[in-house]
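The domain 'NADH:quinone oxidoreductase/Mrp antiporter transmembrane' annotation in TrEMBL covers E:132-424. Positions annotated as transmembrane segment by TrEMBL: E:36-56, E:68-93, E:113-142, E:168-189, E:209-227, E:247-270, E:282-299, E:308-329, E:380-402, E:414-438, E:458-475.
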């Protein structure tokens, strides 16, 4: 049901030309995805997806759009053939891969049998935090999170690098150097 | 038949992924490409999250009082949290680049950009 | 618990923490000093790790004190310490070079950001190399990728921007493919630790999901590796990036990707599976050969020196991939030796070009006419690197090609020999074009051009020296490489 | 949007609430969904809202760019610092168990601190990004 | 001698390089620079010839410089053939230096420092080739020789010179990497070694067609031997200043080629193996074809240096032919021909350069009556030409004689035919020049530009080589001894 | 100062309600959070020179139920319009006078107008609010001015 | 009971999505997006109850908030073409 | 007591759901942007509040209720604001409203 929503949105994105609409649909896509995450018990992820996908990304895209203009040039020739072939090839490979997957929600899937039980059974005692996601995130796999912070830090630096200068300077930017 | 029913949600996710992928590789507008990239990545996230779900399970936050609750696997959640952050970082960077490209080239269309590159 | 036991983590964390420190410092000179210090410490640690692994085999470090499949494990074996050594060597030599070139090419207000991004890129690559966790690898892959996109975009030409964007799209697609692949593997095994994966995969080897995962991982990494035909991002990125960045990336980025390929193919899946079940190796060999031929061919026709080298890199990646895909100890040794050698050569070449840019502000072949007189040391370094790229004996390039050819002959794949030699021939042509222009054409540039400053020349020449050293006495590189190869294939050395 | 009376008024009411909510999310990540990352995003969202309505210049007066820069760096440093501290105290990197006498307590403390680091960096990064995007002039078509 | 053989080997290799550095340091003072060149060449001569007694006594001094990979090293070992080649090169270098000084000064050539430096490197490479103990070392110095002579070929820097330089480099590098390198690798992978070993290393390792293929790779891979169709570089190289053509393209480079051919045939394949394998006999025909064809082409050249170049191509194939006949005595002849042709051809080139310097003439048709104005030059030219044709009392006679003997011994009718026919052709393209020079009337145009003999250094040099040609005929013992050592160890 | 204190108290209450944890650690963190928020908010006030808006007109309590009832009524009206197949709407635009002295009052009034379906405030310009109504009936309700009076009454002299 | 409400909201979401796709003006789309966001809040709130974990309301709250900010951002973009200072824009 | 809260909750949830549905229907059916604003208003004001209150009745007097009320307040505060801003923006953007003189059923803008 919700996935069907997503399919509609995704195809709408393919079809639409108006960039604003595309951005809004992308935001919508994130919203729906977040609902799906809630349904799949991934509340933390839903939380983040809501804040990021629907919020920050959309605002950023709009900011970009406000700087680049929303007019979208019509492509002269739809050069669709090769992309379609590539996409279908990839998709078929993936679908081929699904045939041996454990079913959705299968409690006997390897994912549920290995590694994870430790988190579920022992983390409240070992780490003492009720939210297992937090304990895995911050403790068991705390280093990933350090990496994640580094990624965000990198993004901050990268944006500064990219947008700091190179143009006529406005008084505002002067102040910023203080 | 039962087999197929257990997999259909994966298929839809794959279709979604491919839709995003298609936008990325076919669109010549850079902003649309980024939007496609977002969709692609988000769909991958769904794939991950769906593997962590257990039938009858609940979110992996300890329910006080009940000791026999079934919890879904928290590990994919953690991974995807990280991946989302990576995704937004990429998006921000890409958009900053688009802004600069627009300033430098006056367009955000890939074909137009490569055209004006070739003129040089 | 002595400090030595923490080397694996310190290797990554020190540069990682130096990056925000740079942002706090803000003074370009201080940042450079800090970065330099970090690079030297890293090099020292990498050396220590090489020594430790050769003494005691695999080092495992459980981050957070959580044992392997639950926590993230850092795992240093012969291969990873070898790659660490490559990265840190290049880093430690590129940085002294960078001081002048950055001061010249990058706005002074952004230099501290440059160093921070540089450190992050470096950290990312070290992290990729050292980690024993498939997902952690993805995180560090992104750190290094994101910072390298930013670094590439710092180039002066506006095409640096579109190049960076292209790089970003391709790189992100690659990373996402990798993510899908890892996801599928996780789905089938329930673990993310590489060693654990390797242990649990044989049980589900037959499944189609695992095959798909292999396909996705290979494609994803190939994108990062710029393996033909997924190489389109590389020439532009290398061409328009600032010289110091080109030197670093050319020396390390693709090498690290090659390392990842090795890890995935041989550590996670295992050689029997990869070579036995699917035609992955065959496909890779064919693509590698195509990369050699096409990369070299295209390089011949380039007018821009950096672009020429970039295409040459594509060809060299082809050599590495061919070596890796042979799946024998000799082949792997060839790939690994070339990993090191090409890193050294390409960094040196890009640094030489950096010197040219510093003085001449141009990288077109037409503009370097007669430069051999004006900048003798720079051009000599360039020629020395070029000769090595061709694979002339006594240079590093020869050793790797020699091993590669041997490995190919071992398996009876004589077409590889033909391709390798054809590639060398084409390398002669494109290097020779430069030599001819630089030495045998009259100089017609501005009169003020003189030799590049010593701070740029010395690192360049140090690399060239290393190049000759390993070309003459290959026991170090080939020794470690063959040990690593044997370890990877599970053969006793 | 300064003259947009309704928006301005409502925003002034909402901003402190949002900010407080951000802190709530930051510190209750142990018990429910949320944590440093989400908190950082929400916190930055409140400031972005302010920037949207009162203008970028006003926002830059409220929170100076150099503060943001320092925050950006210090978040990572806090996180790494916790790791190094645990290393110096005799554990492995990021082994919070050694931070306090009782391992579980140490874990708790460690998580709290690193989540703080995450939150600070994320908030700062988001604000930085907003600063730079919004601070750039529009190009003529 | 005071030098130990090992030291002498290294000295022979590094002396020229040291001389190169010396030239570089003295580049601002031409007199000093040229003195350095001469002194270096003499020192090289001494150090090379200091090895001669050891070799004649049957000693085989060897040095290993570095070992790159296990079993793959840069090593040197002096054996008679190498001694012969090194001896020729080092003997002719001082003479050539003398000549160069005269030539370069008289013609006001530019980039003289580069010229001398490249010369030193080329000589070092030639000695390296001569002394190499294995294929890899041979290959390295082979490439070094190619690269160091490129600047000499393109010395003039004109577009023509650049184009010629590209042809030169293209063919030499192309064949060496494309053919020689695989052959070496193949050899290594088959035999497990690349050392030059008396009697060959391939016996029993490869059969029939594969062996033929291997020989094909080697023979054509050594492009410097100018076996057709990979001969074009040699005429192309004639754009170089004459001293270059003389020493390098009559002696060092081309001899390095045929020397390698002989060495590989003898020490890698082994004469016996080649004899036993019918698949390798194509070489004879290829060499014969080259001899005849090149001679025919030479006939039609009007440019003196080009005619000499084609003559060189044809003469080089004599050496190959000598090997291909597969009789020990013809192999001896081949070895001897390396020396004979070197002395003869360098004389001819010297003469050509002398004519150019004095009269600025490059075409044969302009040479009518020039013998009267330049008696020394044309006299030397005549001696060189006789040697080429194989007429006593010039050295060429002896080598051809040995080859012919070998051919009879081995019943190689084809070879005999080729040698006789080519001798006639040689005569056909040399005799007219001599005739015209001495017996024809000077053209009116030339008469209006009177000129005398070339500068003294040039005359001295060419007289010396002419004399050597004659001496070699009279006293062939030393080279013969060396050549005999090759075939009968 | 008064604003700061009221903000502090409000935020503290909200924190306690949200948190539900009373261990010292979280309480002290909460206190820190509240203080930080107040500081930042105060900085904002200084910058934009507007006071914070958290204050409690006591008569809000009486206004909300009335507003709720009005909302329900107009909801039903508009729902009927939607469900009517003929859709008998008569959209029109008009201005009403906002007699509140303060900005907060005007805001409450404008939002109240919007909150009741059938009328949407489109712009606040001085004392006048431009309103779009979907139907004459909803417009007429507004034009009686009762809402204006009530809002004026609660907002007082702020 | 929750299911019924959920169903109603879901139907409403489909209608919103339709309006979103149909447009025709950008403002219609924004309106639909805003409305959709509100419904998402409801969905999550109800879903939380349905799954017996009502403590997910934080997410709903974040949604409401993000939705608001997003809408304001979009509007600001349309009215002023910038997300920063309007004055900057005008001064150019 | 339990029955009472249940019933109330039922009532609110259902009527809220109904309101949301009707509002969205209006969103789809109404002819122009400004009229659609009103339809959206139904969802935002009554629908949302009713559903959330209904849920609050389910939860009883707990933290959950507090949060629910907070959300309600939040939405009731923000949604008219955004609607207002939207309307203003549309007006600013020269989007002409459809007025009664034009007649209702013709297609929009």
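FYI, residue positions are counted from 1 along the chain as it appears here.
In case you wondered, yes, glycine gets a Cβ from its N, Cα and C as well.
Sequence-distant residue pairs (6 or more apart) of the transmembrane segment (E:113-142) and the transmembrane segment (E:247-270) include at least 3 whose Cβ atoms are under 8 Å, placing the two stretches in contact. Only residues 6 or more beyond the boundaries of the transmembrane segment (E:414-438), in the same chain, are considered here, and those with a CB under 8 A from a CB of the stretch are 284-285, 287-288, 291-292, 295-296, 298-299, 304, 307, 311, 314, 318, 321, 324-325, 330, 364, 367-372, 378, 381-382, 385, 388-390, 400, 403-404, 407-408. Within its own chain, the transmembrane segment (E:68-93) is flanked in space by residues 5, 9, 12-13, 41, 44-45, 48-49, 51-52, 54-55, 60-62, 123, 126-134, 136-137, 140, 188, 192-196, 247, 251-252, 255-256, 259, 262-263, 266-267, 335, 338-339, 342-343, 346, 465, 468, 479, 481-486, which lie at least six positions past its ends and keep a Cβ under 8 Å from the stretch. Counted over residue pairs 6 or more apart, the CB atoms of the transmembrane segment (E:308-329) and the transmembrane segment (E:168-189) come under 8 Å in fewer than three pairs, which marks the two as apart. Against the transmembrane segment (E:168-189), the recorded stretches E:36-56, E:209-227, E:247-270, E:282-299, E:458-475 differ in Cβ pairs under 8 Å, and the greatest number is found for E:209-227. Counting residues 6+ beyond its ends, the transmembrane segment (E:458-475) has Cβ neighbours under 8 Å at 91-92, 95-96, 98-99, 102-103, 106, 339-340, 343-344, 346-347, 350-351, 353-354, 357, 376-377, 379-380, 383-384, 387, 392-395, 397-398 in the same chain. Sequence-remote contacts of a segment are chain residues at least 6 beyond its ends whose Cβ falls under 8 Å from one of its Cβ atoms, and for the transmembrane segment (E:247-270) they are 79, 81-82, 85, 88-89, 92-93, 96, 119, 122-123, 125-126, 129-130, 135, 138, 142, 145-146, 149, 152, 187, 196-203, 211, 215, 218-219, 222-226, 234, 237-238, 240, 280, 308-309, 312, 316, 319-320, 323, 331, 334-335, 338, 341-342, 345-346, 348-349, 486-487. Taking Cβ pairs closer than 8 Å, the transmembrane segment (E:36-56) reaches residues 1, 3, 5, 8-9, 11-12, 15-16, 18-19, 22-23, 26, 78-80, 83, 86-87, 90-91, 93-94, 96-98, 100-101, 116, 119-120, 123, 127, 478, 481-482, 485 in its own chain, all 6 or more past its ends.
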